[in-house]
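Since the structure comes first, as structure tokens, the remarks are kept for the end.
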Amino acid sequence: MRCAPRLHALLSRALAFGGLPPPPLPRAQLQGITEPGAASRLGAAFLARALATTGLPAPRRPRALQVQRITEPGAASRFGAAFLARGGFSTDASAAAQDSAKPAAATGGEGGDGKSGKSEQGDAGKSVRGGPVSWLSFLLLLVTGGGIIVYYDKEKKRHIEELKNRTSAVKQEPSVGTAAIGGPFNLLNHDGKPVTQKDFFGKWTLLYFGFTHCPDICPDELQKMALAIDKIKEKAKMEVVPVFITVDPERDTVEQVRDYVNEFHPNLIGLTGTTDEIRKVARAYRVYYMKTEEEGSDYLVDHSIVMYLMNPKMEFVKFYGKNYDADSLADGIIKELKGHQ
């Protein structure tokens, strides 16, 4: 009973401040104010009168279900929040008003069985963790990886530049002299006449070391030599003397060498000699040879596969390996001939 007069006085003062007469309060209604939910009903009447004064439409009459909700604890707070929202006030105020009703509901739940309140507190106490890799760590990983790649690329370029600078800093000294290839010899040609290196002075000479019993390499190389000699004469109008020197003096006699060289080119000169003379000339021209697979008189000779270009003074100019074909051999020799004119 003591709350009703105070509530009536409070409402009368609020209405008087707005220029409205205080609401009548019959004695019979004083008893109704003390009933559960009376404060909510009285607040609803006050809000309706206030809205009518300001020109706002009165709230709709709540339905039976809403009337029942108004009598629930915290109904006045929710009703006031709805009024503030309709009056155009900040939604933060209404949200604060709604949040003020939550402790009561939580207390009621805890008073019921005590489990729901504890579960809510437990859920609220749990920290929500992100995935194993956050966006910040992923961004840092990308930046770090990109920095490493850029640094490595820069260091690689710097190292390459240093190597280039060191290479360019080395002065190219002109070659001094020629290779120690060639020297004097005393042999027999395929006609049986003695021949020395002096017999080739004044002519460009192309030498090849082999043997007449060679199954495949020597015939191929001599055939290539013959074709190159003809191409040189055709293209450069210059003469080059082809020479074949055996590394198998035991079987390559004068007659054997003559028959052999005539099969490749009419200008091909064949040379043979004693074992010591062949050893000396092979050593002078840095030619390797050795017997292999000896079975009686049938054997092969392993030897260097190289052609030597000698100038008119019988001085070494250049050598050509097995990788040259007839065309490249001819072009290479023509280049050397023209360069020494």
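From the backbone N, Cα and C atoms, a Cβ is placed for every residue, glycine too.
Heads up, TrEMBL stuff is auto-annotated, nobody curated it.
Feature annotations, reproduced from TrEMBL:
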{"type": "REGION", "residues": "100-128", "note": "region 'Disordered'"}
{"type": "COMPBIAS", "residues": "112-123", "note": "compositional bias 'Basic and acidic residues'"}
{"type": "TRANSMEM", "residues": "133-152", "note": "transmembrane segment"}
{"type": "DOMAIN", "residues": "174-339", "note": "domain 'Thioredoxin'"}
{"type": "DISULFID", "residues": "Cys214-Cys218", "note": "disulfide bond"}
{"type": "BINDING", "residues": "Cys214, Cys218, His303", "note": "Cu cation binding site"}
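Spacing of Cys218 (disulfide bond) relative to His303 (Cu cation binding site) is 10 Å (Cα to Cα, whole number).
It is 10 Å from the Cα atom of His303 (Cu cation binding site) to that of Cys214 (disulfide bond). Close to the recorded Cu cation site, the chain also has Phe209, Gly210, Phe211, Ile217, Glu221, Val247, Val301, Ile305: residues not among Cys214, Cys218, His303 whose Cβ is within 8 Å of the site's Cβ mean position. Residue with the densest Cβ environment among the disulfide-bonded residues Cys214, Cys218: Cys218, by other Cβ atoms within 10 Å.
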